[in-house]
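Asks: Dumping the structure here so I can ask a few things about it.
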Amino acid sequence: MTETTTSHLQRWLGSIYSIIFMVTLACSLLYFAGVDNVLAFRRDEIAQGDYWRLLTGNLLHTNAWHLAMNLAGLWVIALLHQNHYKQMHFSVIFILCCIAQGLGLYFFFPSLIGYVGLSGMLHGLFTYGALKDITIGLKSGYLLLLGVVIKVSYERVYGAGEQVTEMIGARVATEAHLVGVISGMLIFISIYCFNKVFLSKVK
């Protein structure tokens, strides 16, 4: 292995793309492993103490189309907002979005019995990235934020498209998309305020 190749590998391993790759691999393996009974978001089991389902339900998918669409979305969002993240930062935001998704669905949508998929978390990640765009002066951030808010609002009123429902073989949980957008905003505001307070104390 040449020095250049080694340098590229080290750079990749230290980037957010190594995390994206691991998430892609994990979601794919979990899909083929068929572990929904143990890891899926299921309200009754969570109430009985299976709290890990709040997190792991995000990593499961109903079918290959569902898996492919969500993983494609994850890679697109990573490419779109890669400049905002270092590896640890991205990992923390990813995990926070997943946990917020599970908690939000559990506490605010009691009629939702079960849920699997990355889409809710992706809405949170997308929203967080759009807000980061805005803070560095990118006007496109306003368009991205407006777009995702309009999308989620439309879904809550009219529901998701029938074509997507047929493709994934299940009802699209628009509740998850709403929770994702709100979670992304709250996570951004929390981190922004924390940094403001912390940096002011350091100065």
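Here the Cβ of each residue, glycine as well, is placed from N, Cα and C on the backbone.
TrEMBL lists these features:
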DOMAIN    49-188  domain 'Peptidase S54 rhomboid'
TRANSMEM  12-33  transmembrane segment
TRANSMEM  64-81  transmembrane segment
TRANSMEM  88-107  transmembrane segment
TRANSMEM  174-194  transmembrane segment
Asks: Please report, as numbers and ranges, the same-chain residues at least 6 past the borders of the transmembrane segment (88-107) whose CB is under 8 Å from any CB of it.
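Replies: Same-chain contacts beyond the flanks: 16, 19, 23, 41, 43, 46, 53-55, 57-59, 78, 115, 120-121, 124-125, 128, 173, 175-176, 179-180, 182-184, 186-187.
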Asks: What average pLDDT is reported by the model for the domain 'Peptidase S54 rhomboid' (49-188)?
Replies: 97
Asks: Counting each residue once, how many in the domain 'Peptidase S54 rhomboid' (49-188) are helix, strand and coil under DSSP?
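Replies: Counting residues by DSSP class gives 108 helix, 2 strand, 30 coil.
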